[in-house]
Each structure stands twice: as structure tokens, then as C-alpha cells.
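Asks: Here's the feature list from Swiss-Prot:
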| type | residues | note |
| --- | --- | --- |
| REGION | 1-26 | region 'Disordered' |
| MOTIF | 3-20 | motif 'Nuclear localization signal' |
| MOD_RES | S7 | phosphoserine |
| MOD_RES | T21 | phosphothreonine |
| MOD_RES | S22 | phosphoserine |
| DOMAIN | 28-240 | domain 'MIF4G' |
| MOD_RES | S201 | phosphoserine |
| MOD_RES | K204 | N6-acetyllysine |
| COILED | 643-713 | coiled coil |
| CROSSLNK | K684 | SUMO2 cross-link |
| MOD_RES | K698 | N6-acetyllysine |
Amino acid sequence: MSRRRHSYENDGGQPHKRRKTSDANETEDHLESLICKVGEKSACSLESNLEGLAGVLEADLPNYKSKILRLLCTVARLLPEKLTIYTTLVGLLNARNYNFGGEFVEAMIRQLKESLKANNYNEAVYLVRFLSDLVNCHVIAAPSMVAMFENFVSVTQEEDVPQVRRDWYVYAFLSSLPWVGKELYEKKDAEMDRIFSSTESYLKRRQKTHVPMLQVWTADKPHPQEEYLDCLWAQIQKLKKDRWQERHILRPYLAFDSILCEALQHNLPPFTPPPHTEDSVYPMPRVIFRMFDYTDDPEGPVMPGSHSVERFVIEENLHCIIKSYWKERKTCAAQLVSYPGKNKIPLNYHIVEVIFAELFQLPAPPHIDVMYTTLLIELCKLQPGSLPQVLAQATEMLYMRLDTMSTTCVDRFINWFSHHLSNFQFRWSWEDWSDCLTQDLESPKPKFVREVLEKCMRLSYHQHILDIVPPTFSALCPANPTCIYKYGDESSNSLPGHSVALCLSVAFKSKATNDEIFSILKDVPNPNQVDDDDEGFRFNPLKIEVFVQTLLHLAAKSFSHSFSALAKFHEVFKTLAESDKGKLHVLRVMFEVWRNHPQMIAVLVDKMIRTQIVDCAAVANWIFSSELSRDFTRLFVWEILHSTIRKMNKHVLKIQKELEEAKEKLARQHKRRSDDDDRGSDRKDGALEEQIERLQEKVESAQSEQKNLFLVIFQRFIMILTEHLVRCETDGTSILTPWYKNCIERLQQIFLQHHQIIQQYMVTLENLLFTAELDPHILAVFQQFCALQA
């Protein structure tokens with residue numbers, strides 16, 4: 001006892017404080033666990049759990065009110081799939097403690113304003129939906145909710161604002177109606193009719209230039225590719241016609257109607273949508289993905305129609321589950337297959353359709369592509385007797401519709417399918433796809449199979465791929481990924497540079513230095529010597545050919561051998577590739593050596609950019625060069641180009657970040673500076689200001705390179721597409737060839753995948769390249785892109 005008392009005296013009672021803090025933390029953690037887990041599988045009914053939890057929270061309100069408020073606001077934002085469970089809980093708390101209900105509504109409005117200010121529009125939709133469902137729980141008075149929606153729809157009358165801003169407020173209103181439409185119409189039918197009329201008027205006049213760029217398929221058969229607001233409007237119209245009868249939303253508050261209807265309600269404070277600013281970034285429009293209908297599962301429960309509001313609710317809830325649990329594939333899969341009401345719907349079909357809808361979403365999926373692969377694999381493990389069959393059916397449907405599928409989505413389909421096969425011993429009924437063998441190799445189906453097998457080889461090895469596919473598919477199988485060394489056989493003796501290649505080979509094997517290699521290359525004759533331009537003397541194609549061919553041949557054993565070779569003879573590479581022509585020729589020779597190994601080409605280009613042997617513009621020019629024309633539509637070529645663009649973008653962002661950090665550091669120094677004359681601080685400021693000036697120059701230079709890269713890419717696209725269009729017009733043939741479809745959609749892909757960066761250079765692109773004189777087929781792509789954020 002004395003020791004304990006002595007300890008208290010010395011510590012000023014700190015252990016007691018710590019125990020208090022520890023107890024408080026334990027209680028808070030317990031409350032968080034209870035709130036987050038309500039609605040999960042339990043021996044008791046949901047209603048019983050909600051009533052019990054409301055009692056626990058009410059008892060803890062005196063001590064933990066701010067924590068409970070914060071938790072409930074967070075789950076409203078982050079767990080939208082359990083929306084009605086939490087609105088019921090708030091309703092029960094409001095019935096027991098009116099003041100708490102008022103504070104919660106105020107906190108939600110604050111959170112909504114913060115989300116809109118921070119451009120978190122997806123979360124803001126969930127908050128609006130939550131508030132609207134509180135009307136059903138007698139927490140919020142219906143007239144004040146109608147007033148808020150009136151303010152939302154009034155945004156459609158704003159002038160000089162982007163259409164995507166108006167779209168969001170209309171979507172926030174319409175997407176809440178499956179939950180609260182009936183209640184609002186019963187209380188305020190005239191006002192709701194007026195809002196509906198304004199909404200309809202807006203939807204009729206809004207522009208939809210962007211739609212073709214966002215469609216997964218160019219054809220509307222068998223399922224229309226509807227713009228998201230058009231589809232939702234049709235669903236709400238049908239719901240209204242059906243007298244707001246909706247049969248799928250879980251509504252636990254109905255069990256507590258006698259309690260909730262006695263509660264006092266709160267009026268929402270007047271809500272004015274925050275004005276549009278230059279920093280406002282609204283969600284892009286979407287096209288609704290449809291793959292299945294009721295005919296695809298004739299034996300199971302009937303799938304709701306595409307304009308049924310149940311279809312919207314189911315899909316919305318499944319998207320919410322993926323959004324909440326995507327980082328944990330096992331949990332995510334378990335949550336999806338245990339979806340409430342699963343016995344009333346063909347759940348596996350809905351799950352597969354929703355996953356592919358996200359994977360194929362343009363311009364980009366909500367989550368990293370590989371997540372969808374791992375999630376589908378996990379679902380196949382959880383439901384081995386049913387889900388693999390639905391997935392196979394979906395794969396067959398996608399294959400059958402390849403002719404009209406967006407090239408970007410075909411790329412994702414290739415990557416998903418090859419990765420999926422690698423997890424199931426590459427088993428597939430290839431004979432079912434033998435129709436592709438009679439088609440032109442550039443047609444979508446044989447091209448798809450070829451690219452899938454190429455990707456499968458990356459995940460396996462060449463001989464294994466030959467073994468798993470029928471012999472009839474040999475024309476579509478990838479080539480043996482071996483190095484092609486032009487100086488390697490006897491017939492090469494007469495080739496220019498053959499003797500130098502032999503000398504280089506011996507030197508490389510003897511671990512020669514860069515200077516020794518320069519010495520061997522010194523006397524290689526220059527075919528460009530006759531040129532008058534200065535670059536002709538510096539650019540020696542034969543010297544590059546002999547050096548690159550021989551070095552890559554000797555380093556062909558593995559990726560790491562090739563990387564080591566690039567690193568060891570980096571000085572030679574830099575000297576030979578000093579000019580633009582030199583950089584281009586290094587890439588050409590590398591491609592000749594590894595033309596049968598796309599993966600090696602990709603990693604070597606990546607390494608050459610990182611080590612500054614070649615630059616991004618050189619890679620872009622190489623991709624559009626005549627040497628690559630035979631492989632121009634191959635997937636690996638476009639993976640290289642997109643990787644190159646991403647590297648340039650990262651480079652610019654890195655320097656911009658360094659500049660911002662330097663500016664912040666200078667601002668902190670100014671803030672800390674005392675009133676005294678501190679010459680040391682002046683010196684530090686001077687050094688920092690010089691650093692900022694240098695970084696500013698680097699940023700401007702990098703941005704200039706970035707802009708130039710996009711100008712090169714778009715200029716080359718315009719040139720080759722214009723040549724094709726003129727040739728077709730001259731010959732009197734159709735422009736709609738497989739090559740044209742691939743090329744014009746690759747142009748769309750560049751715009752979509754790098755839209756945030758390209759938007760910075762819109763004025764330059766419009767003034768220099770995408771002018772009114774351009775062919776309408778090409779100009780249409782630019783106009784569709786402009787409409788995405790218009």
C-alpha cells in the first residue's frame with residue numbers, strides 16, 4: 001500500500017488519470033464496434049438489435065455524445081449499403097432524445113457542406129440520401145426536405161456553370177426518391193410535381209455529346225447503352241407510375257412506426273448549394289452498363305427490368321458494398337454473397353454485372369483493375385456450384401459482342417481474362433471460339449484471342465501455352481520470345497558492321513570499359529556522312545545498330561542481365577543517342593532484336609526512359625513510325641505509350657511538389673523570423689529563393705515537355721487518320737475498317753486515360769490541332785472529350 005501511495009504521490013496521480021483515459025477509450029471503441037457491426041449476422045432480429053443499441057447509446061449520451069455524433073455521421077458517409085439501418089437507429093434516438101436528433105441533423109448538414117466544398121460528391125450523394133430517409137423515420141419534416149430538393153433542382157437554372165454541376169444536383173435529388181419519394185408525394189404533391197417538371201425540362205435540353213466516348217459498346221442491341229441520368233429518370237418515372245411501390249429496400253423503421261410517429265420532427269436549416277468556383281471538380285457523366293436481362297436466367301428468380309427502380313437499388317447497394325470493402329477481397333466477396341433479399345433476385349447475375357460495370361467504367365474503374373480479378377476469383381471459391389457458370393456465361397457474351405466493344409474495354413477484358421485463366425490452370429473451352437479462326441487476323445475476335453494468349457504466356461511460359469490450346473489455334477499463339485540477332489548466322493558475314501559486331505562481342509565478354517567500346521566503334525563508317533546537316537555527322541545508324549544488337553543479344557538471358565547491360569554502358573548509349581534521330585534508332589534496333597518478346601520491349605523502353613537514354617517524345621515518334629505499322633494495333637504498343645505518358649506526368653508532379661515544398665519552407669522561415677536584424681536568416685532566404693527560382697524554371701521546362709509530348713501524339717494521330725480517310729475517299733471504300741476502329745478509339749483512350757492533364761492544354765490543342773478545318777470524324781473525338789466536363 002505504501003509503495004502504491006508513494007507512487008501516486010510521485011506521479012501526481014497520473015496512473016489514476018491513465019486508467020480513466022483507458023476506460024474511456026475502451027468504452028469509445030466498444031461503441032464504435034456496436035455501431036459498425038449492427039445489421040450483421042446475429043442470433044437476434046435486426047429490430048431487437050437496433051432497439052438494444054438505441055438504449056445503450058442513449059445511456060452513453062451524457063458522457064460520449066460528441067463521439068456518438070461523429071460515429072453516426074461517419075457511417076452515414078462511409079457505409080451507405082446500411083443506410084436504412086442507421087436512419088432507423090437515429091430515429092429511435094431522436095424519439096428518446098429530441099435535442100440529440102437536432103444536433104445530429106445539424107452535424108449532417110455541416111458534413112454535407114464540407115463534402116461539397118472538398119469536391120467529395122460521391123460521399124455527398126450518400127449524405128443527401130441519408131437525410132432524405134430520415135423523413136421516413138420522423139426525424140426530418142417532409143416540407144423542409146422538399147425545400148432542399150427545390151434548391152437542388154434550381155441549380156439547373158444557373159448560367160455559365162458546367163453541365164456536370166447541374167447534373168450532380170439533379171442526380172442527388174432523383175437518386176434519393178426510391179427511399180423517400182412516396183412520403184414526399186403524400187405530404188407535398190404539388191411542390192414535388194413542380195420539381196419534377198423542372199427536372200424533366202432540364203433533362204430534355206441537356207447536351208449528350210459525351211455519350212459515345214463513354215459507351216462500352218457502340219451498338220444498342222441486345223441492351224441499350226443509356227446515359228445515367230436518362231436511365232435514372234426512366235426508373236423514377238416508372239416508380240411514380242407504380243404509385244411509389246418499391247419492393248426491395250430494407251425498411252426496418254416500419255417495425256417501429258408506433259414509436260417513431262410520436263417523435264417530434266426537425267426542420268432542415270435553409271440549404272443553398274455552394275456556388276461554382278474554379279476549384280470545383282464534379283463527377284463525370286456515366287453510361288449505364290447492361291449485360292443481363294430476365295432471359296439469361298430462366299430458372300431462377302426474375303431479374304428486374306432495366307427501367308425498374310429495384311434494378312437501380314440493387315446495383316447501387318452492390319456498388320456500395322464494393323466501395324466499402326474493396327481493400328479486403330475476402331470480406332468484400334462474403335458481403336456480396338450475403339446480400340439481404342438474395343433469394344428474391346438472381347444475385348450472382350447482379351454481382352457479375354456490377355463487377356464488370358465497374359471494370360469497364362470509362363474513363364477509369366473506381367478501383368485498381370486487379371482488384372476485380374481477385375474479387376471474382378474469391379467469389380468463385382465462395383460459390384463454386386453457381387458463380388463460375390454465370391461468369392463463363394458473361395465471358396461468352398463479352399466475346400460475342402467484341403465487334404462493337406470499346407477498344408479500352410477490350411484491353412481490360414484481355415487483362416482480366418488472362419489473369420483469371422492463370423488462376424484456373426488456363427482451362428477454357430477454346431473450341432467454342434473456333435469461329436475466330438476463319439476471320440481476318442485484324443478482326444476483333446482473333447485479335448482478342450491472340451492478345452489473351454500473349455498475356456497468358458507472360459503469366460506462364462511459351463510451351464505451356466502451345467500445350468493448352470488446340471493445334472488449330474497455332475496461328476494465334478504467340479511467337480517463341482527469343483532474341484533475333486542479325487549478326488548471329490553465317491549469312492550475316494556480308495552485312496555492314498559484321499566484323500565490328502564480332503569485336504564488340506569479344507570485348508563485352510572480356511568486361512570491356514566504355515572507353516574501350518568507344519574505341520572499337522570509332523571507325524564504323526557513317527552512312528549519313530553525305531548529309532549536309534550537322535545531325536548527319538553525329539547520328540550514325542550503323543554504329544547504333546552494331547552496338548545495340550550485340551549488347552542486347554549477349555544480355556538476353558533475363559531482364560536483370562539486360563538492365564545491367566544498359567547500366568554498364570550507359571555512357572555509350574547516351575553518346576550514340578545524343579540526337580533525336582539517334583534516340584529513335586536505338587528504339588528501332590531494340591525492337592528488331594526483341595520483336596517476338598513484347599514484355600521485354602516494354603521493360604527495356606521503360607528502363608531507357610528512366611535512365612534518360614531516350615525521352616518520352618522519342619518513344620511517341622517511334623510508336624507512330626513505319627517500322628511499327630505492322631504492330632500498331634497490338635496491345636503492348638499502347639501499354640508502352642500510356643506508361644510513357646504516365647512517367648512524364650509523374651515527373652512534372654514531382655518537380656511541382658518540390659517547388660511547393662520549397663515555397664512552404666520559405667514561408668515558414670519568414671514566419672519564424674524575429675523582429676531583430678537576422679543576417680543569417682537573410683542568407684538562408686537568399687539560398688531558398690535561388691532554389692525556388694531554379695525549380696520554377698524546371699517546372700516550366702517539364703510542363704513544356706509534357707505539352708510537347710501530347711502535341712506530338714495528337715499530331716501523329718491526326719496525320720495517320722487523315723491519310724486513311726483520304727485514301728478511303730479516293731478509292732471509294734468504307735472508312736470503317738478494323739484498323740480505323742482501333743485507331744480512332746486509341747485516340748479516345750489517350751483523352752480518357754489522361755483527361756486531367758490534357759484539360760490543362762485544351763486551348764493549345766484547339767488552336768493548333770483540333771481546328772474547325774479538321775475532318776469531322778477526328779474532330780468529333782475532341783468535341784466528345786470537351787463535353788465530359790462542360
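Including glycine, each Cβ sits where the backbone N, Cα and C put it.
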Asks: Would you pick out, from the modified residues K204, K698, the residue whose Cβ has the largest number of other Cβ atoms within 10 Å?
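Replies: When each Cβ's neighbours within 10 Å are tallied, K698 tops the list.
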Asks: From the Cα of K698 (N6-acetyllysine) across to the Cα of S201 (phosphoserine), what is the distance in angstrom?
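Replies: Rounded to a whole number, the Cα-Cα distance is 50 Å.
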Asks: Going by DSSP, is S201 (phosphoserine) sitting in a helix, a strand, or coil?
Replies: helix
Asks: Given K698 (N6-acetyllysine) and K204 (N6-acetyllysine), what distance in Å do their CA atoms have, once rounded to a whole number?
Replies: 48
Asks: Tell me the Cβ neighbour count for S201 (phosphoserine), meaning other Cβ atoms within 10 Å of its Cβ, over all protein chains shown.
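Replies: The answer is 13.
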